[in-house]
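S.K.: Quick one: the structure is below, and I'll ask about it shortly.
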Ligand code: PTJ
């Protein structure tokens, strides 16, 4: 069955589509095999969170949009899971906030960087960084620390969806403002982030774009007020509380 054959009224439609995209990503050499495992972990947390955008995650998405609109050199980091799951949505977000796209991989291979860059171009990206690899994130071994000097290395704000904890910490140590999308409130990456969005990437990325379009043209002091009012710890706590309360999404699975 391919993605178009999944019946839209299936109770687990979104989850099945997601699995298909990740599977196809592996087949196309875009997503790593570890990406399948990461997806499984994410899916479990999404289930526990009720497969919905919490009000606190929506507030985080708005704070992320304001942060990106205020940024001087924003960069969206794209890995194998992001490229497989939401290529068009990620390209649209970059356009909405005038950010660069940079392929940046945990399990780095030049071949996969090239394939992901091509995939993003096929989905409308005009320029994709990550191919030069002439910069570094200090404190990581070479392969994990490779970035572009005029991309992530020079960025003031970095969106790192589904990032591993060590790299999130190393980017934080470089003084970057980090926006992390991750469904696990216990994971180090959202705990390191200035703006943790505890939501599925598939919902979070278009939601940030919607907020960015809504806020486009807003004066800087209004954007700064949104950023200042956002409480990262409260967002983490709200996601944990939602999991503990257990309003699971799909009793009819
Ligand atoms: O393509 P590469 O080489 O850069 O590798 C990418 C992965 C994601 C495989 C790599 O960064 C990795 O191993 O990540 P982790 O350490 O497994 O962390 C992934 C995090 O993303 C976990 O906390 C998951 O809960 C979360 N996650 C998985 N799928 C989603 C998600 N969060 C939001 N939306 C999802 N769809």
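Cβ atoms here come from the backbone N, Cα and C positions, even for glycine.
TrEMBL: automatically predicted annotations, no manual curation.
Sharing the feature lines straight out of TrEMBL:
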BINDING   19, 41, 182, 183, 184, 188, 189, 200, 201  ATP binding site
S.K.: Does anything in the same chain, at least 6 positions from residue 19 (ATP binding site), have a Cβ under 8 Å from its Cβ, and if so what?
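M.R.: Correct list: 39, 43.
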S.K.: Filtering 19, 189, 201 (binding-site residues) by proximity to ligand 1: which pass a Cβ cutoff of under 6 Å to any of its atoms?
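M.R.: Result: 201.
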S.K.: How many neighbouring Cβ atoms, not counting its own, are there within 10 Å of the Cβ of residue 189 (ATP binding site)?
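M.R.: Excluding its own Cβ, residue 189 (ATP binding site) sees 24 Cβ atoms within 10 Å.
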S.K.: Tell me, how many other CB atoms lie within 10 A of the CB of residue 201 (ATP binding site), whichever protein chain they belong to?
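M.R.: For residue 201 (ATP binding site), the count of other Cβ atoms within 10 Å is 23.
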S.K.: Based on the record's binding annotation for ATP (19, 41, 182, 183, 184, 188, 189, 200, 201), what whole-number value in Å is the widest Cα to Cα distance?
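M.R.: Comparing all Cα pairs, the maximum is 24 Å.
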S.K.: So for residue 182 (ATP binding site), how many other CB atoms are inside 10 Å of its CB?
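M.R.: Residue 182 (ATP binding site) is surrounded by 29 other Cβ atoms within 10 Å.
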